[in-house]
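Annotated features in TrEMBL:
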ACT_SITE  743  active site
ACT_SITE  743  active site, nucleophile
BINDING   538, 588, 715  S-adenosyl-L-methionine binding site
COMPBIAS  18-27  compositional bias 'Basic and acidic residues'
DOMAIN    42-71  domain 'C3H1-type'
REGION    1-40  region 'Disordered'
ZN_FING   42-71  zinc finger
């Protein structure tokens, strides 16, 4: 294709080495009609390349055919925009359903908490007067009200009051007069703060604000107050937004603006499942192309490009072959774990469900999950039971703005019986166990009142479960005490199991009132897994079976394989593949999950697994060194006493002690459903440890034969692998095959850049004074880290495949095989 076929390509082709855009010759420029040059079809349909780089004008002056800002940009003849412009990016986001544009956020700040009344505890503010108030959007999240006030003073803005909640991107400002308000709008509109431009939005009054506040202050009779509110206000109600930007000043166009929980949680539910799979596959392909481009950029000077980069052009820029996408066996109601927020609906009703947007963007409205196709009917019914309980509770619901309240979150975890379920069957049929976790904040509340409310809560759940037809399963009720701002509680947050009264559909409590340990069970590949309240377990059990089978097939396992299961959780991957390998070593930082992993190994009679409780970055290098030292020095270890202490650094001592502690925890907390003696599990644990030592250092010196194949499977959280873990995997020459499972393809690409990019002959030392990394993307930061990667043989991408664990959403799991 000719380089001048498109205006964007032409603009980039006309740049000289100094960055200045040279003038076109009359022969190279398209023939322009006489008269007004703006009549030309391609006049200012693309951004000037010089403007994009330097944010200034070019040498062409007023005769330049390219736009020098978004306001000058015009649509092309085919009604498309320059792909490098912000307009085109917004259109792509809307078409893909990946995210809301900034404009849509401004048009839908759905707050139902009484934010503007008293954010900082300094009394009512003037923001309640909509005629003299404005909402500022795109403020820095770290700002508080003091930062906002200081900023306004620096700009010479005369205001009456200014309020902003830390962690949000919106703030409210009120003024003494209309003249000062109009002057402030002219000064603030488009003002640059960091990389964002401030938008000024209107504040829509809520005639029922005081009534909502009354309902919040008196939750025991709040339902009656809300009924009167809805009866009076429902006729002209559009949405309970504190601030909404609109053009004409009327509310008619706002009636359809609020999103539903279905749209917020399952944005692809309106598409057929085949269309969903195709969209996800295309999204994965685009993400993989970023790996090729980034690795090409990160390749050091003087080092030849890897062969997989050179061959990428043959497969459309992909780093490896994309095998396709595996669909979920169950499309609707597949989630075995649902977290329901506690808050107020758009109508101000106490609700248990899903938030309609991001809290940082100012969205706090909560809607019931009844129309969400990924949630099971059992989880919806328990959310409704809890919602009805909250309407009569004497303890308040959590207020996200003031960080006060008691009831915070409801988590419903379900355990299924073994056996396959087709998409035409109801998934509820196989649910045999249910665990409910209620997150609360007990700070500042009377213990007697709390105890009374706990008893009412247990009765409400048991009665509600028994009243359903058929009765709902209820195995355990757990309380989690969390005092942080976010609902994401730390792993060590206190847990308390509530006894459930004897009732149909409820769990039994023994005569001594001792509560049975809270846990449920699920099945993968006919293995039974015990799950504690906070342990990680894939939310789509049937699709997880496909995921783990695929990872095992690609790993190339055998009896002589030593498998490292990094970020193992409850041990699902390692245990499902244990019968294919000689030994599994799992690493997990969550002590509760490691305890479950040890228990799961015992339940299923698997003894060739070892689970270590630690951060992978702390023990990965020492564990690799331990087993590889054993392999290399088999003659010195023929006495069967384990690996040589001289060949292992001090971090291994921490590792061994952590294993011993975990085994003790697993023994003390282990309880057999069949009533077997706990001493059997202790003996099995000792036997398992002896079995590991025997495998590692046999008296015949056959460890080389047993573990000549070292394979790692990693399944990290959304943030990806720690750089130290990546370094340990990259620099270990005995590790030839790595299977990477990721729920966030973006972090997989970033980690793969470090694993697959050739290292420089000379390692660069980082500049400690350089803070540019703070603004880098994950891929850019990975390219930066490659410079300091020790000289080592890189991996190469072999193949990749997506697995749809989350139908109706934009997310999916991705599996990539790396070899060297």
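Just so you know, glycine gets a Cβ as well, placed from its N, Cα and C.
Owing to the predicted nature of the structure, the values given are computational and were not obtained by experimental measurement.
Location within the structure of each feature annotated in TrEMBL.
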residue	record	Cβ contacts under 8 Å, 6 or more apart
538	S-adenosyl-L-methionine binding site	544, 547, 572, 805
588	S-adenosyl-L-methionine binding site	567, 568, 569, 571, 594, 597, 611, 612, 613
715	S-adenosyl-L-methionine binding site	565, 566, 567, 568, 569, 573, 741, 742
743	active site	717, 718, 805, 811, 813, 814
Additional residues surrounding S-adenosyl-L-methionine, by Cβ distance to the 538, 588, 715 centre under 8 Å: 536, 537, 567, 568, 569, 570, 572, 573
Tally of residues which DSSP labels helix, strand or coil - the zinc finger (42-71): 9 helix, 2 strand, 19 coil
Segment confidence, the zinc finger (42-71), expressed as mean pLDDT: 76
Residues 538, 588, 715 binding S-adenosyl-L-methionine per the record - widest CA separation, whole Å: 15
